[in-house]
């Protein structure tokens, strides 16, 4: 299959290239000031405790105060705009202009139950053109496991969304059952509306959280205590503090003793969504690929085809969404329309006869049953929380 372009398409392509060259030249003119801002922002990184200590030490020195204020302001602006942390090592001479993220808006019908049928499968078709350069090169495109977008690894690098240490991860996982999330889907903070983001920023400011810093266990627990007291006007119980500590461990899978800013932000974003939006509104956030994966998991658990599964099986499914970083994953030749990660209980994986769900139906009659709509409501938050590529569990399922 080749690429045939009409005269009109050729003219449009030349116009796009001209615009890109103009933007590139403008970027070169602004490069010194941009680099200084980036260096000022990256020089402030560290844990929250280190940031507070440095701020206290620098407070008496007058000349350094405006620079600190400027760096902090830039960090808050990046948080508000959903851009996250600026890359530390970034070749700005060869960069593409990053997209302007537009936060979603709530619609009037969002709270109404969506029509997600169990029997009617949805056809998954990925985009044919790279989301960044809009060029088709077939097998060189890397599909997102959440949305229909596809990308070139070179385009991702020039956008600053793919660093050297993550190139191998993308190339090895994008065409496997594990899959890879693009920069839109990887950032759970982009699911928040402007009003919700303002609420989160106010909470972070009130709790003295500095953007783009890592949080230790003490920082995390202190923050959780403050938020709980502001919301419920009473201190956290020991059980709640223990649950918060378990969530910290889930956000720190490598046992580094701190959690990265992006993981903390994703966790807080999904927590806020659960707090402010009803289940029906959350269900509307699921993409076609996520809905198809949910169908595969439910149908694998419902082995007697009566439309119900046990509560224990429903709880077990919550853990399947996070099975996306297995070391022993096998590469497979899949098309770019592949659904994405397949759980161990899906029909595709049950062919080998090793599916753990096969030993569970005996308990189904002994416990309450869950239907398809209930299954979606129980799992939607965990499905959304599993979008990022990070190995962290941004919403720890209960045991």
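Keep in mind that glycine also has a Cβ here, set from the backbone N, Cα and C atoms.
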Review point. TrEMBL tags one of 341-365, 366-390 as region 'Disordered' - which one?
Key: 341-365
Point to revise | Per-region confidence, the domain 'EF-hand' (289-324) (mean pLDDT, whole number) | key: 88
